[in-house]
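A.B. asks: Attaching a single structure in structure tokens format; questions to follow.
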Amino acid sequence: MAATTLYQSVGTLQSCRNNGNSGLCPDYGHVSFRSVSKGFKVDVGLLRGGSFCSRKRSTCVIQASASQATVFDEASAPSSATTSDSNKKTSEAALILIRHGESMWNEKNLFTGCVDVPLTTKGVEEAVEAGKRISNIPVDMIYTSALIRAQMTAMLAMTQHRRKKVPTIIHEESEQAGAWSQIFSEDTNMQCIPVVTAWQLNERMYGELQGLNKQETADKYGSEQVHEWRRSYDIPPPNGESLEMCAERAVAYFTEHIEPQLASGKNIMIAAHGNSLRSIIMYLDKLTSQEVISLELATGIPMLYIFKEGRFIRRGSPPAPTEATVYAYTKGFAFS
Ligand SMILES: O=C(O)[C@@H](CO)OP(=O)(O)O
């Protein structure tokens, strides 16, 4: 066999029923890899989250068994070791989008934008409820904006997750912050879900409307003008960002940082904001600048997409666990 054993697992892939096939594994494995040849850990993130028991990486297929991982060079492997087109399973990954729960300025009907305000009690409850809806969908990585209302939402939602992994914020603001937040236990590390915070996912910057009451602003400038500031695609509010400007940075971040993770098979949750998520949905659903105008997102309602063969398939909002069709959207991703 042309396969070369390069990595050895330092954990065990628990009761995997995928038999080494490429594709989403119904079980969560707990495995990381150590280089046999070089004698040090090469890629902790390789199967982090364990949602795939086999993974495509450039020209190699990495297969994990209970005791070892083997790297196959597809070019030199015999045909029996390569996957034929007919039974080749393509990798797919879940993408969950959640707009934060009600914030204290949503409650007061104030333009918020990039002002960093927390959730209300209702917002906290919405985030917990959102967590129940996605509790069966594997999450390997979380992205949030830099704002506390999105971060609170992500953290609260994850308290309901069936897997009980701990969302852990990655600090990269300085070398010291990174060094001081290191985890020194392999086991603990594997029970964590990295949370990446990015300002690019922030709410649109609302300029001189930030802190103003929405109704009072409509009374002063007229509802038409305020509607134009709030929902037009390319007209910015005074000294703020238009949706187009917000989309430029949010979608660029998504395509540069998040999409490659999905392509590598990681299941991702993004907790962000009305307008940064509208921008991303516009990209995912290929909406025109006219269509996005009427797109409204409720607070705390998760939306599921499946990323497959480079395409995003909209699956809607997973129902609450008490609803009979709980697995309708999530079947392929649900834990056994
Ligand atoms: O105030 C804001 O930041 C946003 C979201 O609450 O408002 P709008 O509904 O106008 O997009």
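Each residue, glycine too, has its Cβ placed from N, Cα and C.
Per TrEMBL, the feature substrate binding site maps to 99-106, 112-113, Arg149, 203-206, Lys214, 230-231, 274-275. As annotated by TrEMBL, active site, tele-phosphohistidine intermediate applies to His100. If you look up TrEMBL, you'll see Glu203 marked as active site, proton donor/acceptor. Annotation source TrEMBL lists site 'Transition state stabilizer' at His273.
Can you tell me where each of these features sits in this structure?
C.D. replies: For Gly274 (substrate binding site), the count of additional Cβ atoms within 10 Å of its Cβ stands at 19 [all protein chains shown].
Taking the Cβ of His100 (active site, tele-phosphohistidine intermediate) as centre and 10 Å as the limit, one finds 31 other Cβ atoms among all the protein chains shown.
Secondary structure from DSSP puts Glu203 (active site, proton donor/acceptor) in coil. Within the same chain, the residues at least 6 positions away from Glu203 (active site, proton donor/acceptor) whose Cβ sits under 8 Å from its Cβ are Thr112, Gly113, Cys114, Ser145, Leu147, Cys246, Ala272, His273, Gly274, Asn275, Ser276, listed in sequence order.
In the three-state DSSP classification, His273 (site 'Transition state stabilizer') falls within coil. Its own atom aside, the Cβ of His273 (site 'Transition state stabilizer') has 28 Cβ atoms within 10 angstroms in the protein chains shown.
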A.B. asks: Which recorded positions of Arg99, His100, Glu102, Trp105 contact ligand 1 in the sense of C-beta under 6 Å?
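C.D. replies: Qualifying residues: none.
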A.B. asks: Starting from the Cβ of Arg99 (substrate binding site), draw a 10 Å sphere and report how many other Cβ atoms land inside it.
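C.D. replies: The answer is 27.
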A.B. asks: In whole Å, note down how far the CA of His100 (active site, tele-phosphohistidine intermediate) lies from the CA of Arg204 (substrate binding site).
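C.D. replies: Arg204 (substrate binding site) and His100 (active site, tele-phosphohistidine intermediate) have their Cα atoms 14 Å apart.
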A.B. asks: Taking each of the binding-site residues Arg204, Lys214 in turn and counting other Cβ atoms within 10 Å of its Cβ, which one has the fewest?
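C.D. replies: Each of the binding-site residues Arg204, Lys214 was scored; lowest Cβ tally within 10 Å is Lys214.
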A.B. asks: Between His100 (active site, tele-phosphohistidine intermediate) and Lys214 (substrate binding site), how many Å separate their Cα atoms?
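C.D. replies: That separation, Cα to Cα, works out to 19 Å.
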